[in-house]
Amino acid sequence: MSDALLAIRGLTKAYPGVVANSDVSFDIRPSSVHALLGENGAGKSTLVKTIYGLVRPDAGTMTLAGQPYAPPEPRAARAAGVAMVFQHFSLFDALSVAENIALGMEDPPPLRDLSARIAQVSRDYGLPLDPNRIVGDLSAGERQRVEIIRCLLQSPRLLIMDEPTSVLTPQEVEILFRTLRKLREEGLAILYISHKLEEIRVLCEEATILRGGRVVATCDPQRTSARRMAEMMVGGTLKTPARAAHPGGDTVLDVQGLSAPSPRPHGTALRGVTFSVARGEVLGIGGVAGNGQDELLLALSGEMRTAPGMVRLKGELVGSLRPSARRARGLLCAPEERMGHAAAPDMTLTENAFLSGRLRERLARRGFVNWTAARGFAERIIRDFDVRTPGPSAAARSLSGGNLQKFVIGREILQRPEVLIVNQPTWGVDASAAAAIRQALLDLASQGAAVVVVSQDLDELMEISDRFAALNEGRLSPARPARGLTVEEIGLMLGGAHGMEVAHAH
Amino acid sequence: MIILEKRPNPSRAWALATPVLAVLATMIVGGLLFAMLGKDPVLTIRTIFWDPLFGPFGSYTRPQLLIKAGPLILIATGLSFGFRAGIWNIGAEGQYILGALTGAAAGLALYPSESRLIFPLMVAAGALGGMAWALIPALLKVRFGTNEILVSLMLVYVATNLLAYAALGPLQNPEGMGFPGSRNLSQWPSSANLELLTGTGLHWGVVAAGVAVVGAYVLLARHAFGFAVRLAGQAPRAAAFAGVSPSRLVLACMAISGGLAGLAGVFEVTGPAGQIGIDFGVGYGFTAIIVAFLGRLHPLGILLAGLLMALTYIGGEMAQTQLGLPGAAVQLFQGMLLFFLLAMDVLTQFRLRWKGASPVIVATAKPVEGAR
């Protein structure tokens, strides 16, 4: 008790209609990496925001190193020695690393001194980073290092990390873990939030598991199996996705030498991407975000058009066709960004069902929408994919990330695609929903559809893909059978650790 | 300290209440303004809002209500499509003038023959004229990426000059003894757009406005085009994913708003205005922008907003003539209405929360989490 750095006692926070945290108590010891586990909506982020001063609890107390601790805002939390690395970075692409870090400081030193300190911290903790580079040119892993170094410059006592490895290559994860272990040796406490249970088993020595806003278990992750932890999170047993048949069909989607500039600034151009998928097959495309995934999806969905011959569907040249024409021919997509791309946040689920289902579900006649049919389609998605929502009249933005993802994937699967392309199908989705989505993708493949899964989650790709290819700086590696690939081989296909050469330069 | 908190769902109740609140706030602040100008605020507000309908000159001013509201509603309904989709046609005034010019020209070309077909021909020519004028900024935007706000606005001034040229040149009345202006179209039976029911102000333009409101409602609620318009405005990337072509949407929305503005112009020139004159453009095209937003870009809202705006126009004129209120004060009053509406709009998306003053010193530098 007395050796705790941060002691949390009876924290409770309720929002209208939902109790996010209910009587949460646990201790974080100095010199330890403490895992916080739970499904989406289990109350992890509310808890972390409370610790970081973004949310004020309704009841309960916190003590930091023996002193009462109730930060009214993040500034107070930082002053008390609590730092946080968010899952989504808040960096300005057009500014340099040092300038970005200076922006976050209360009283920044002259830029040259700051650069020197950044270089110093970067060397001390094995986080290769050049303070003078422009953030827009950095990989996701390097951006994360900017955020971590920004925190370390405040000499924190407690570092909170929210899903830090979701954007990293295996090699970058190694670098991060080495840094975290070093910080732990120096006495820092780290609160580590992740869905990746194997990582937690390697890194953490204590885990607190939340479910429905309550602490349901604490365990020693090094002595608990990943499966056991997942079951404690879910409160039931987990099913491993299984598939009925294996592929052997004819090629339906054939992409040849797909090259295109990115439509966005700081985007990645596609360079000669070539692959093909057969009926009944799942092709996994791995890679760290920002290596052309979004551009590949746009080129396949038809939102970005290319030369006709670059994309062939069942032998037909479709590279210059618009999204609706491709949909009519059986090529369907589910983009990564749920809010604002795959779905319109302020529209109802019925309207969002119409959004992509109009043609194949015949939801309009002579341009006039059949809202009854659209509503029926939305209800079917909600039922078949276990979307938790009051009903089809709910606005898309009122759904949790996992539920909206189930809706978006279900909407495309129920339209009986011949080729389905999904980007990050389980990003930010909890374990049981992720398993359901993967199972649905496998079922679709065994019914004879070709499925392309673009994901950063290598475990996921290894679990469901027949073949695996890696996207790196807009180039796609040749696809290899997924079975038997080692983590090292995959890491090399992904292009290794970004920015290692910078570290040696210093 | 008051803080704004984003609502999980936009409040339906506030969406309906804010226009009413905006009108009330305008009345209060407007009343203060009038009081400072030395006028009796209650009497002034009554003159503007009450007298046009029920005052001693009601039988003259009541028909004016529909005559003024008709073009406003017609133009605003057209504009609402583009505004919903994020396409900003600011040049409806120019399209309105062009509609009047092409409509009048089509009719005058056939003067003095008598036919029932001349009026429909003029209406069609007016709609096409307005549409063509609106398609100039649309095509430039689609082809060269120009800004439709600037181009459509600048074309208003081109249209004003075309109007002056036509009134003094090709469309000038040969029997007008050199005065600027065309023949009087409302006195030529083939082109006259007369009151359909005596004493109501109801003419074909008002009928067209009613049809436009119903049509817009059906399009937005039941048609895939309306869905595409709403989707493109709310989530442009989702619209691209759904297969909505941004270029086609720009062309369609500009064509609709231009066409309806042109219609308003031709109904005006054949009825209430009567002729092409240098002073034909009185700003309906600009006021319609206010009407569109006051009506929350919703067809029924626009109907009500058009009537309200017409009321303040007529009432404002009465306040000028009867109470000697300066014209600028009336315009200020109308501008206030839009200002308050937009300000109150915050309440539909956010809720106000009172927060006790924090003991911590006020931040001098914002933490970077907020700087997205």
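Just so you know, glycine gets a Cβ as well, placed from its N, Cα and C.
Listed features, source TrEMBL:
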TRANSMEM  B:12-37  transmembrane segment
TRANSMEM  B:65-83  transmembrane segment
TRANSMEM  B:95-111  transmembrane segment
TRANSMEM  B:117-140  transmembrane segment
TRANSMEM  B:149-168  transmembrane segment
TRANSMEM  B:201-220  transmembrane segment
TRANSMEM  B:249-267  transmembrane segment
TRANSMEM  B:273-293  transmembrane segment
TRANSMEM  B:300-316  transmembrane segment
TRANSMEM  B:328-347  transmembrane segment
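In this chain, the transmembrane segment (B:273-293) lies in contact with the transmembrane segment (B:328-347); the count of Cβ pairs under 8 Å, excluding pairs fewer than 6 apart in sequence, is at least 3. Same-chain residues lying 6+ beyond the ends of the transmembrane segment (B:117-140) with a Cβ under 8 Å from its Cβ atoms: 89, 91, 94-96, 98-107, 110, 146, 148, 151-152, 155, 159, 190-193, 204, 250-251, 253-255, 257-267, 269-270. Residues of the same chain lying 6 or more positions beyond the ends of the transmembrane segment (B:273-293) and with a Cβ under 8 Å from any Cβ of it are 71-73, 75-77, 79-80, 83, 90-97, 100-101, 104, 156, 159-160, 163-164, 166-168, 171, 173, 180-187, 261, 264, 302, 305-306, 309, 313, 334, 337-338, 341-342.
Between the transmembrane segment (B:249-267) and the transmembrane segment (B:65-83), the number of CB pairs under 8 angstroms, six or more residues apart, is three or more, so the stretches are in contact. When Cβ-Cβ distances under 8 Å to the transmembrane segment (B:201-220) are tallied for each of B:12-37, B:95-111, B:149-168, B:300-316, the top count falls to B:300-316.
Among the stretches B:12-37, B:65-83, B:95-111, B:149-168, the one making the largest number of Cβ pairs under 8 Å with the transmembrane segment (B:300-316) is B:65-83.
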